[in-house]
Amino acid sequence: MRIIDLGRQNYLNVWEQMKIFTNARNKNTQDELWTVEHNPVFTQGISSKSEHILSSSDIPIIQTDRGGQITYHGPGQVVIYCLIDLKRLGVGVKKMIEIIENSIIDLLKTYAIKAHLKSDAPGVYVDNAKIAALGLKIKQSRTYHGLSLNVDMDLSPFMQINPCGYQDLKVTQLCNLTENRDTLNTIAEKLSQILINHVARNRH
C-alpha cells in the first residue's frame with residue numbers, strides 16, 4: 001500500500017481526485033492512503049440534515065457522497081483518505097471501519113491516551129469528547145474518503161454544527177491531551193503505518 005502526502009489542499013480538489021482514482025482503478029491497482037491537511041471546510045455526509053448547521057459563517061459547506069453526518073476539517077487536523085479494494089482484501093465495510101477505529105485508538109496509545117468507541121455515535125472518543133471522525137464511500141467494493149484526527153487546531157468551528165449530527169457533542173484534540181508536540185506529518189505517517197499493519201493482519 002502506498003502512502004501519498006498531499007500537503008495542504010482544498011477539499012473539493014482532493015474529493016475529485018479520489019473519485020477519478022476510484023473510477024479508473026482495476027483489480028491490479030495498488031491501494032493507497034492519502035494524507036492531507038485541509039483548508040477550513042464543513043463537509044456533509046449523505047445522512048446529514050440542515051438542522052445540524054447551527055450558525056452561518058464564511059466557512060464553505062460541501063455536500064459529499066461519504067457516509068455519516070456533518071463534520072469540520074481545517075488546519076491542524078490529520079486527514080487520511082483510504083483508497084482500498086475491500087474485495088481483494090477480503091473484508092467487509094463494517095470490518096474496514098473497525099480497522100480504522102482501532103488504528104486511531106492504537107495511535108493514541110503511543111501518546112499514553114486511552115481512547116474508546118461509542119455504540120451510538122461513530123468515531124473515536126477520549127472521555128466522551130470526540131477526537132476523530134470517519135466516513136467512507138464504497139463503490140464496487142472499493143473505498144474512498146476516510147478519517148480525520150484533531151491534532152492542534154482551532155476547534156471553535158465545531159461550535160457552529162452538531163458534530164456528526166449529535167447535539168452538544170464535545171470535541172477534543174491531541175495537543176490538549178499530551179505534552180508531546182509531534183508534527184502533523186509525523187502523526188500522519190505514524191497513523192498511516194498503523195493502518196497498513198492492521199490491514200495486513202486482517203487480509204484474507
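Cβ from N, Cα, C; glycine included.
The domain 'BPL/LPL catalytic' annotation in Swiss-Prot covers 27-204.
Per Swiss-Prot, substrate binding site is recorded for Arg66, Gly67, Gly68, Gln69, Ile70, Thr71, Tyr72, His73, Ala133, Leu134, Gly135, Gly146, Leu147, Ser148. The secondary structure of Gly135 (substrate binding site), as reduced to three states from DSSP, is extended strand.
Here Swiss-Prot flags Lys130 as site 'Lowers pKa of active site Cys', drawing on sequence analysis.
The active site, acyl-thioester intermediate feature in Swiss-Prot is assigned to Cys164.
Cβ neighbour count for Ala133 (substrate binding site): 27 (other Cβ atoms within 10 Å of its Cβ, all protein chains included). Averaged over the domain 'BPL/LPL catalytic' (27-204), the predicted model has a pLDDT of 91. Straight-line distance linking the Cα atoms of Lys130 (site 'Lowers pKa of active site Cys') and Leu147 (substrate binding site), rounded to a whole number, equals 13 Å.
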